[in-house]
Amino acid sequence: MRQDVTLGILRLCVSPGRALSSSATRLQFPSARFLTHISPLRYYSSQRRPSPFSPTKPLGKTVASTLQDAANPPPTTRPPPLDLPERKPETSTFSHLFHTGKAYLTFYKNGLKQIYTNHRLLYPKKASDPIIEPGTRAYFLLRRRWAHDIRRLPLFAFLLLVCGEFTPLIVLAVPSLVPATCRIPKQAEKVERQADSTRLRYLNNVKEGKAHNSAFAVASVAQAFGVISSLWGRLPFSPPTMFSLAKLQPHCTYLVEDNYLLGQAGGVEALIPEEVKLACVARAISVSGRGDKELRRTLAEWLEMINEVDDQRHKHVRMHTLALVPREAWSDIRSKKLFEAMEISN
(Lines of atoms letter the chains of each structure in order from A and count residues from 1; the text may use other names and numbers.)
(Lines give C-alpha, C1' and ligand atoms only; values in the text may rest on other atoms or scores of the structure.)
Protein backbone atom coordinates (compact mmCIF):
# COMPACT_ATOMS: atom_id res chain seq x y z
CA MET A 1 0.00 0.00 0.00
CA ARG A 2 1.36 3.39 -0.97
CA GLN A 3 2.60 5.39 1.94
CA ASP A 4 1.33 8.93 2.31
CA VAL A 5 4.58 10.79 1.86
CA THR A 6 4.24 14.37 2.96
CA LEU A 7 6.53 17.15 3.93
CA GLY A 8 7.96 16.02 7.25
CA ILE A 9 11.27 17.65 6.54
CA LEU A 10 11.94 20.08 9.33
CA ARG A 11 13.42 17.52 11.69
CA LEU A 12 15.84 16.53 8.94
CA CYS A 13 16.65 20.09 7.93
CA VAL A 14 17.93 21.32 11.25
CA SER A 15 18.96 19.47 14.34
CA PRO A 16 16.73 19.94 17.42
CA GLY A 17 17.39 23.10 19.30
CA ARG A 18 18.85 25.03 16.42
CA ALA A 19 17.28 28.46 16.17
CA LEU A 20 16.42 30.48 13.11
CA SER A 21 16.53 34.23 13.18
CA SER A 22 13.69 36.33 11.90
CA SER A 23 13.16 40.05 11.61
CA ALA A 24 10.26 39.76 14.02
CA THR A 25 11.24 36.99 16.40
CA ARG A 26 13.52 34.01 17.02
CA LEU A 27 11.79 30.68 16.79
CA GLN A 28 12.99 27.14 17.36
CA PHE A 29 12.85 25.17 14.15
CA PRO A 30 9.84 22.84 14.56
CA SER A 31 10.11 19.08 14.41
CA ALA A 32 9.01 17.06 11.40
CA ARG A 33 5.75 15.79 12.86
CA PHE A 34 4.23 19.27 12.66
CA LEU A 35 4.92 19.61 8.94
CA THR A 36 3.69 16.18 7.93
CA HIS A 37 0.31 17.74 7.18
CA ILE A 38 1.52 20.32 4.66
CA SER A 39 0.38 19.58 1.13
CA PRO A 40 -0.42 15.87 1.61
CA LEU A 41 0.28 13.98 -1.60
CA ARG A 42 -2.79 11.83 -1.01
CA TYR A 43 -4.89 14.77 -2.21
CA TYR A 44 -3.22 14.55 -5.62
CA SER A 45 -3.73 11.97 -8.31
CA SER A 46 -1.46 8.99 -7.90
CA GLN A 47 -0.59 9.14 -11.58
CA ARG A 48 2.71 10.85 -12.28
CA ARG A 49 2.07 13.42 -14.98
CA PRO A 50 4.80 15.51 -16.61
CA SER A 51 4.32 19.23 -16.52
CA PRO A 52 2.42 20.56 -19.55
CA PHE A 53 4.96 23.38 -19.64
CA SER A 54 8.08 21.29 -20.19
CA PRO A 55 11.15 22.85 -21.82
CA THR A 56 10.36 20.99 -25.06
CA LYS A 57 7.08 22.85 -25.54
CA PRO A 58 7.46 25.60 -28.19
CA LEU A 59 6.80 29.16 -27.15
CA GLY A 60 4.51 29.89 -30.08
CA LYS A 61 4.55 31.30 -33.58
CA THR A 62 5.04 34.87 -32.46
CA VAL A 63 7.40 36.36 -29.93
CA ALA A 64 7.88 39.81 -28.46
CA SER A 65 10.42 42.18 -29.92
CA THR A 66 12.75 41.85 -26.92
CA LEU A 67 13.09 39.47 -24.00
CA GLN A 68 12.14 42.25 -21.59
CA ASP A 69 8.94 42.86 -23.56
CA ALA A 70 8.18 39.15 -23.35
CA ALA A 71 8.87 38.91 -19.60
CA ASN A 72 7.07 41.99 -18.30
CA PRO A 73 3.37 42.75 -18.75
CA PRO A 74 2.48 46.35 -19.65
CA PRO A 75 2.60 48.94 -16.83
CA THR A 76 -1.18 49.33 -17.08
CA THR A 77 -1.52 46.02 -15.21
CA ARG A 78 0.07 47.65 -12.15
CA PRO A 79 -1.39 50.48 -10.03
CA PRO A 80 -0.77 54.03 -11.27
CA PRO A 81 1.22 56.49 -9.13
CA LEU A 82 -0.55 57.87 -6.08
CA ASP A 83 0.42 61.50 -5.47
CA LEU A 84 -0.82 62.53 -2.04
CA PRO A 85 -0.53 66.20 -1.00
CA GLU A 86 1.88 67.08 1.78
CA ARG A 87 0.44 68.66 4.90
CA LYS A 88 1.76 72.21 5.25
CA PRO A 89 1.55 74.21 8.50
CA GLU A 90 -0.65 76.87 6.94
CA THR A 91 -3.05 74.32 5.41
CA SER A 92 -6.28 73.74 7.29
CA THR A 93 -7.38 70.22 8.19
CA PHE A 94 -10.43 70.44 5.96
CA SER A 95 -8.41 71.62 2.97
CA HIS A 96 -5.81 68.89 3.46
CA LEU A 97 -8.45 66.18 3.73
CA PHE A 98 -10.26 67.53 0.69
CA HIS A 99 -7.14 67.45 -1.50
CA THR A 100 -6.20 64.02 -0.15
CA GLY A 101 -9.61 62.66 -1.06
CA LYS A 102 -9.32 64.24 -4.48
CA ALA A 103 -5.94 62.58 -4.99
CA TYR A 104 -7.44 59.19 -4.13
CA LEU A 105 -10.32 59.72 -6.55
CA THR A 106 -7.84 60.60 -9.30
CA PHE A 107 -5.86 57.47 -8.47
CA TYR A 108 -8.96 55.26 -8.69
CA LYS A 109 -10.06 56.98 -11.90
CA ASN A 110 -6.69 56.26 -13.51
CA GLY A 111 -6.81 52.67 -12.24
CA LEU A 112 -10.21 52.10 -13.84
CA LYS A 113 -8.96 53.61 -17.09
CA GLN A 114 -6.10 51.14 -17.06
CA ILE A 115 -8.52 48.22 -16.89
CA TYR A 116 -10.13 49.52 -20.09
CA THR A 117 -6.69 49.96 -21.66
CA ASN A 118 -5.85 46.35 -20.82
CA HIS A 119 -9.12 45.28 -22.40
CA ARG A 120 -8.16 47.07 -25.61
CA LEU A 121 -4.74 45.41 -25.57
CA LEU A 122 -6.40 42.01 -25.43
CA TYR A 123 -9.26 42.81 -27.79
CA PRO A 124 -8.16 45.56 -30.19
CA LYS A 125 -10.85 47.20 -32.27
CA LYS A 126 -8.56 48.49 -35.01
CA ALA A 127 -5.63 46.98 -36.83
CA SER A 128 -3.54 49.96 -35.70
CA ASP A 129 -4.19 49.33 -31.99
CA PRO A 130 -1.13 48.15 -30.05
CA ILE A 131 -1.14 44.51 -28.96
CA ILE A 132 0.92 42.28 -26.72
CA GLU A 133 2.41 39.28 -28.48
CA PRO A 134 0.50 36.07 -27.61
CA GLY A 135 2.52 33.17 -26.25
CA THR A 136 4.66 35.34 -23.99
CA ARG A 137 4.69 35.84 -20.25
CA ALA A 138 3.64 39.45 -20.82
CA TYR A 139 0.47 38.33 -22.61
CA PHE A 140 -0.19 35.55 -20.10
CA LEU A 141 -0.02 37.94 -17.12
CA LEU A 142 -1.93 40.66 -18.96
CA ARG A 143 -4.84 38.30 -19.52
CA ARG A 144 -4.68 36.91 -15.98
CA ARG A 145 -4.57 40.33 -14.29
CA TRP A 146 -7.25 41.73 -16.58
CA ALA A 147 -9.56 38.81 -15.69
CA HIS A 148 -8.80 39.37 -11.98
CA ASP A 149 -9.73 43.04 -12.27
CA ILE A 150 -12.84 42.54 -14.40
CA ARG A 151 -14.34 40.18 -11.82
CA ARG A 152 -13.95 42.82 -9.13
CA LEU A 153 -14.93 45.83 -11.20
CA PRO A 154 -18.74 45.91 -10.69
CA LEU A 155 -18.67 45.70 -6.89
CA PHE A 156 -15.71 48.07 -6.59
CA ALA A 157 -17.33 50.61 -8.91
CA PHE A 158 -20.48 50.49 -6.77
CA LEU A 159 -18.36 50.90 -3.62
CA LEU A 160 -16.53 53.86 -5.13
CA LEU A 161 -19.80 55.47 -6.20
CA VAL A 162 -21.30 55.12 -2.71
CA CYS A 163 -18.27 55.86 -0.54
CA GLY A 164 -16.40 58.33 -2.72
CA GLU A 165 -13.40 59.78 -0.87
CA PHE A 166 -13.89 57.32 1.98
CA THR A 167 -13.23 54.32 -0.26
CA PRO A 168 -9.58 53.92 0.92
CA LEU A 169 -10.82 53.39 4.47
CA ILE A 170 -13.20 50.65 3.34
CA VAL A 171 -10.91 48.76 0.99
CA LEU A 172 -8.18 48.38 3.61
CA ALA A 173 -10.52 46.01 5.44
CA VAL A 174 -11.48 44.04 2.30
CA PRO A 175 -8.51 44.16 -0.11
CA SER A 176 -9.83 41.18 -2.08
CA LEU A 177 -12.61 43.37 -3.51
CA VAL A 178 -10.21 45.79 -5.19
CA PRO A 179 -8.87 45.45 -8.75
CA ALA A 180 -5.09 45.27 -8.85
CA THR A 181 -4.87 48.54 -10.76
CA CYS A 182 -6.74 50.32 -7.93
CA ARG A 183 -4.72 48.88 -5.06
CA ILE A 184 -3.27 51.68 -2.93
CA PRO A 185 0.28 51.30 -1.54
CA LYS A 186 -0.93 50.39 1.96
CA GLN A 187 -2.94 47.53 0.51
CA ALA A 188 0.07 46.34 -1.48
CA GLU A 189 2.21 46.41 1.66
CA LYS A 190 -0.43 44.42 3.51
CA VAL A 191 -0.40 41.76 0.80
CA GLU A 192 3.41 41.71 0.81
CA ARG A 193 3.47 41.11 4.56
CA GLN A 194 0.87 38.34 4.43
CA ALA A 195 3.31 35.51 3.74
CA ASP A 196 5.61 36.70 6.55
CA SER A 197 2.80 36.95 9.10
CA THR A 198 1.36 33.58 8.09
CA ARG A 199 4.76 31.90 8.31
CA LEU A 200 5.46 33.37 11.74
CA ARG A 201 2.00 32.45 12.99
CA TYR A 202 2.43 28.88 11.78
CA LEU A 203 5.86 28.51 13.39
CA ASN A 204 4.55 30.03 16.62
CA ASN A 205 1.73 27.50 16.67
CA VAL A 206 4.23 24.74 16.00
CA LYS A 207 6.38 25.96 18.87
CA GLU A 208 3.37 26.00 21.19
CA GLY A 209 2.22 22.56 20.04
CA LYS A 210 -0.99 23.77 18.40
CA ALA A 211 -0.34 22.70 14.81
CA HIS A 212 -1.76 19.19 14.84
CA ASN A 213 -3.92 18.80 11.75
CA SER A 214 -3.64 18.96 7.98
CA ALA A 215 -6.46 21.52 7.69
CA PHE A 216 -4.42 24.07 9.64
CA ALA A 217 -1.21 23.39 7.72
CA VAL A 218 -2.76 23.49 4.25
CA ALA A 219 -4.75 26.60 5.19
CA SER A 220 -1.49 28.24 6.30
CA VAL A 221 0.05 27.51 2.90
CA ALA A 222 -3.02 28.94 1.14
CA GLN A 223 -2.86 32.08 3.28
CA ALA A 224 0.85 32.49 2.57
CA PHE A 225 0.07 32.44 -1.16
CA GLY A 226 -2.82 34.85 -0.58
CA VAL A 227 -5.47 32.63 -2.17
CA ILE A 228 -7.68 32.55 0.94
CA SER A 229 -8.42 35.32 3.40
CA SER A 230 -5.96 36.00 6.19
CA LEU A 231 -8.96 36.24 8.51
CA TRP A 232 -8.89 32.44 8.75
CA GLY A 233 -5.69 32.75 10.74
CA ARG A 234 -7.52 34.70 13.44
CA LEU A 235 -10.30 32.17 13.92
CA PRO A 236 -10.08 29.29 16.41
CA PHE A 237 -10.69 26.78 13.60
CA SER A 238 -9.36 26.19 10.10
CA PRO A 239 -11.28 25.91 6.83
CA PRO A 240 -11.76 22.40 5.42
CA THR A 241 -8.67 21.00 3.73
CA MET A 242 -10.44 20.50 0.42
CA PHE A 243 -11.56 24.14 0.43
CA SER A 244 -7.97 25.33 0.85
CA LEU A 245 -6.67 22.92 -1.79
CA ALA A 246 -9.38 24.02 -4.24
CA LYS A 247 -7.92 27.52 -4.04
CA LEU A 248 -4.30 26.45 -3.76
CA GLN A 249 -3.90 24.00 -6.64
CA PRO A 250 -4.98 26.41 -9.44
CA HIS A 251 -2.56 29.00 -8.09
CA CYS A 252 0.33 26.52 -8.10
CA THR A 253 -0.62 25.42 -11.64
CA TYR A 254 -0.46 29.06 -12.68
CA LEU A 255 3.00 29.36 -11.10
CA VAL A 256 4.22 26.32 -13.05
CA GLU A 257 3.17 27.98 -16.30
CA ASP A 258 4.57 31.33 -15.23
CA ASN A 259 7.90 29.70 -14.36
CA TYR A 260 8.11 28.17 -17.82
CA LEU A 261 7.22 31.39 -19.64
CA LEU A 262 9.66 33.36 -17.50
CA GLY A 263 12.43 30.95 -18.45
CA GLN A 264 11.54 31.37 -22.13
CA ALA A 265 11.64 35.15 -21.76
CA GLY A 266 15.15 35.30 -20.31
CA GLY A 267 14.66 34.44 -16.66
CA VAL A 268 14.85 36.69 -13.63
CA GLU A 269 17.30 39.08 -15.25
CA ALA A 270 14.69 40.09 -17.82
CA LEU A 271 12.27 41.32 -15.14
CA ILE A 272 11.97 44.95 -14.15
CA PRO A 273 12.15 45.68 -10.38
CA GLU A 274 8.38 46.05 -9.97
CA GLU A 275 7.77 42.66 -11.57
CA VAL A 276 10.49 41.03 -9.48
CA LYS A 277 8.62 42.03 -6.33
CA LEU A 278 5.26 40.89 -7.72
CA ALA A 279 6.76 37.55 -8.77
CA CYS A 280 8.12 37.05 -5.25
CA VAL A 281 4.79 37.93 -3.63
CA ALA A 282 2.97 35.46 -5.91
CA ARG A 283 5.39 32.75 -4.74
CA ALA A 284 5.05 33.56 -1.02
CA ILE A 285 8.63 34.84 -0.89
CA SER A 286 9.27 37.46 1.75
CA VAL A 287 9.91 40.92 0.26
CA SER A 288 9.90 43.02 3.43
CA GLY A 289 13.12 44.98 3.87
CA ARG A 290 14.81 43.37 0.86
CA GLY A 291 16.36 45.17 -2.08
CA ASP A 292 16.07 44.30 -5.74
CA LYS A 293 19.35 42.34 -5.91
CA GLU A 294 18.46 40.15 -2.94
CA LEU A 295 14.97 39.51 -4.28
CA ARG A 296 16.42 38.49 -7.65
CA ARG A 297 18.79 36.02 -6.00
CA THR A 298 16.03 34.55 -3.85
CA LEU A 299 13.62 34.28 -6.78
CA ALA A 300 16.29 32.61 -8.94
CA GLU A 301 16.99 30.06 -6.20
CA TRP A 302 13.26 29.37 -5.77
CA LEU A 303 12.85 28.81 -9.50
CA GLU A 304 15.85 26.51 -9.61
CA MET A 305 14.47 24.31 -6.82
CA ILE A 306 11.03 24.10 -8.44
CA ASN A 307 12.31 23.43 -11.95
CA GLU A 308 14.54 20.56 -10.85
CA VAL A 309 11.56 18.19 -11.22
CA ASP A 310 9.18 17.62 -14.13
CA ASP A 311 6.33 15.98 -12.23
CA GLN A 312 3.74 18.71 -11.65
CA ARG A 313 2.50 17.47 -8.29
CA HIS A 314 6.09 17.39 -6.99
CA LYS A 315 6.46 20.97 -8.17
CA HIS A 316 3.33 21.81 -6.17
CA VAL A 317 4.66 20.06 -3.07
CA ARG A 318 7.92 21.99 -3.26
CA MET A 319 5.99 25.25 -3.58
CA HIS A 320 3.90 24.38 -0.52
CA THR A 321 6.99 23.54 1.49
CA LEU A 322 8.92 26.68 0.60
CA ALA A 323 5.89 28.82 1.47
CA LEU A 324 6.19 27.87 5.16
CA VAL A 325 9.89 27.06 5.50
CA PRO A 326 11.90 30.19 6.41
CA ARG A 327 14.38 31.40 3.83
CA GLU A 328 17.27 30.58 6.16
CA ALA A 329 16.46 26.85 5.91
CA TRP A 330 16.48 26.60 2.12
CA SER A 331 20.19 25.81 2.04
CA ASP A 332 19.64 22.92 4.46
CA ILE A 333 16.87 21.52 2.27
CA ARG A 334 19.11 21.59 -0.79
CA SER A 335 22.34 20.42 0.83
CA LYS A 336 20.68 17.39 2.41
CA LYS A 337 18.67 16.61 -0.74
CA LEU A 338 15.48 16.29 1.27
CA PHE A 339 13.21 16.93 -1.70
CA GLU A 340 14.85 14.11 -3.65
CA ALA A 341 14.56 11.70 -0.73
CA MET A 342 10.89 12.54 -0.31
CA GLU A 343 10.11 12.07 -4.01
CA ILE A 344 11.98 8.75 -4.28
CA SER A 345 10.15 7.36 -1.25
CA ASN A 346 6.86 8.26 -2.92
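Using N, Cα and C of the backbone, Cβ positions are placed for all residues, glycine too.
According to TrEMBL:
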type	residues	note
COMPBIAS	72-83	compositional bias 'Pro residues'
DOMAIN	149-343	domain 'Letm1 RBD'
REGION	65-89	region 'Disordered'
TRANSMEM	153-178	transmembrane segment
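Per DSSP, the secondary structure of the region 'Disordered' (65-89) breaks down as 8 helix, 0 strand, 17 coil. Beyond the ends of the transmembrane segment (153-178), by six or more residues, the same chain brings 100-102, 104-105, 108, 112, 115, 184, 186-187, 190-191, 229 to within a C-beta distance below 8 angstroms of the stretch.
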